[in-house]
Amino acid sequence: MDKIVIEGGVPLKGEVKISGSKNSALPILAATLLAEGTCRIKNLPLLKDIETMLKILEFLGAKIKIRKKAVEINTESVKNIPAPYDLVRLMRGSVCILGPLLARFRKAIVSLPGGCIIGPRPIDLHLKGLEKLGAEIEIDKGYIKAKAKKLKGRRIFLGGTFGSSVLATANLMMAAALAEGETLIEFAAGEPEIVDLANFLNKMGAKVKGAGSHLLRIKGVKKLRGVSYRIIPDRVEAGTYLIAGLITRGKVSIKGAISGHLGAIIDKTEEAGAKVEIKKNSLYVENSQWPLKSVNLITLPYPGFPTDMQAQFMVLMCLSEGTSVITERVFPRRFMHIGELNRMGADIVVEENSAIVRGGRKFVGTRVMASDLRASAALVLASLAAEGKTEISRVYHLDRGYEGLVEKLTGLGAKIKRTN
Ligand code: EPU
């Protein structure tokens with residue numbers, strides 16, 4: 001199995017280009033199931049999760065051509081067959097084919113996505129929403145079996161114990177796009193990825209209003225057409241390079257980042273004392289104020305601080321002066337990175353859904369193991385700032401979400417290599 005080896009302590013310098021957003025691309029690829037004609041999706045990040053979604057579509061019968069960073073998909077020959085466990089279990093994001101399949105065939109069989117290292121990930125909101133639209137759903141031998149004579153627009157309150165749900169909103173938006181009449185989704189997720197999906201659907205001919213707010217109004221249409229669409233840049237990748245620049249005391253230009261999508265991250269780094277320059281199409285970060293000071297944060301649905309940046313920000317807090325309390329309100333058990341960060345020299349304890357991070361520490365290189373995508377990103381960051389060499393194993397987690405990580409960091413001057 002591959003490993004990443006990093007010799008820490010090199011200030012990163014230069015420019016890094018941000019790839020297309022993984023979490024936008026996944027539901028957008030699923031939404032091509034709704035189109036008559038070919039869709040061309042541009043700025044597609046070439047990642048393991050994207051490959052999995054394309055494999056699922058191909059398994060169902062879609063015709064797919066990948067050309068550089070774009071993919072052409074024609075789903076007209078897709079058949080209504082079960083989406084199998086062997087593919088669906090590879091990532092939770094595959095559950096977002098349920099809505100489009102149901103809208104298109106009035107029947108869908110999709111394997112339950114299974115467990116997840118970042119804590120329980122129920123799909124009750126997905127099912128509740130689709131049932132409200134008229135679907136009958138049963139869970140049978142690990143498969144979700146959904147059918148509907150017709151889907152009919154309704155008013156649906158989609159809030160759950162932890163607030164809004166990104167993929168439940170996506171699933172429902174896609175199903176409602178072809179439903180009869182008007183659907184109102186209250187407590188919808190307002191993440192930029194949801195806005196991206198709504199823009200894609202609207203370009204295809206859908207009538208979705210209110211994306212970005214907590215109230216979505218969707219007027220069902222009879223059919224949707226294939227279109228060409230460009231995916232937004234990945235805000236989590238941009239945030240990760242921002243932290244990389246800060247913790248190595250470097251000077252990094254993050255090209256293609258949309259600052260408006262990174263409000264909470266920029267705000268927290270500035271509160272810690274860093275200066276982030278916002279330019280037209282990029283962010284520039286230079287750490288002249290070292291050490292930074294500790295700040296508290298709570299992860300929340302957008303526009304709050306994203307859970308997908310919690311682990312990376314924690315690395316910054318380990319190196320800052322003072323004590324920081326980081327509370328996880330989206331996935332209360334998403335703290336797998338802490339054990340390995342402590343082994344590298346951090347001082348973090350977990351109390352319920354909060355991590356208490358005593359700052360002013362330094363990282364020392366050692367052998368560590370990645371446990372999930374963002375936890376792995378945190379280990380890479382800690383290694384970049386560490387004294388000596390760190391060997392990170394199980395790096396396939398990083399392949400799921402960071403396109404060209406080794407190449408991009410090498411381009412910034414990091415001493416990093418991938419070995420077998
Ligand atoms: N939840 C429910 N019931 C549901 C669905 C969700 O209670 O039916 C709860 C979850 O357990 C969680 C909260 O609601 O506590 C929010 O989860 P959400 O449904 O929004 O997560 P998701 O849509 O499954 C997406 C991203 C995640 C990201 C979360 C939160 C994709 C493919 N995944 O997941 O991304 O952490 O939103 O922003 O879009 C990652 O990229 O590393 C990643 C995990």
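Note that Cβ sites are derived from N, Cα and C of the backbone, with glycine treated the same way.
Heads up, TrEMBL stuff is auto-annotated, nobody curated it.
The shown structure was predicted, so the numbers you read here are calculated from the model rather than taken from an experiment.
According to TrEMBL, the features are:
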ACT_SITE  C116  active site, proton donor
BINDING   K22, N23  phosphoenolpyruvate binding site
BINDING   R92, R121, P122, I123, D124, L125, D308, V330  UDP-N-acetyl-alpha-D-glucosamine binding site
DOMAIN    7-409  domain 'Enolpyruvate transferase'
MOD_RES   C116  2-(S-cysteinyl)pyruvic acid O-phosphothioketal
TRANSMEM  156-179  transmembrane segment
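Overlay of TrEMBL annotations on the structure.
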residue	record	CB count, 10 Å
K22	phosphoenolpyruvate binding site	27
N23	phosphoenolpyruvate binding site	25
R92	UDP-N-acetyl-alpha-D-glucosamine binding site	18
R121	UDP-N-acetyl-alpha-D-glucosamine binding site	15
P122	UDP-N-acetyl-alpha-D-glucosamine binding site	12
I123	UDP-N-acetyl-alpha-D-glucosamine binding site	19
D124	UDP-N-acetyl-alpha-D-glucosamine binding site	11
L125	UDP-N-acetyl-alpha-D-glucosamine binding site	24
D308	UDP-N-acetyl-alpha-D-glucosamine binding site	24
V330	UDP-N-acetyl-alpha-D-glucosamine binding site	23
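Overall, the recorded UDP-N-acetyl-alpha-D-glucosamine-binding residues R92, R121, P122, I123, D124, L125, D308, V330 cover a maximum inter-Cα distance of 22 Å. Between the CA atoms of R121 (UDP-N-acetyl-alpha-D-glucosamine binding site) and N23 (phosphoenolpyruvate binding site) there is a gap of 16 Å, rounded to the nearest whole number. Recorded residues V330 (UDP-N-acetyl-alpha-D-glucosamine binding site) and N23 (phosphoenolpyruvate binding site) have their alpha carbons 16 Å apart, per Cα-Cα distance.
I123 (UDP-N-acetyl-alpha-D-glucosamine binding site) sits 17 Å from N23 (phosphoenolpyruvate binding site), taking the Cα positions as reference. Closest by Cα distance to N23 (phosphoenolpyruvate binding site), from the binding-site residues D124, L125, D308, is D308. Secondary structure at N23 (phosphoenolpyruvate binding site), as computed by DSSP, is helix. If you measure from the Cα atom of K22 (phosphoenolpyruvate binding site) to that of D124 (UDP-N-acetyl-alpha-D-glucosamine binding site), you get 23 Å.
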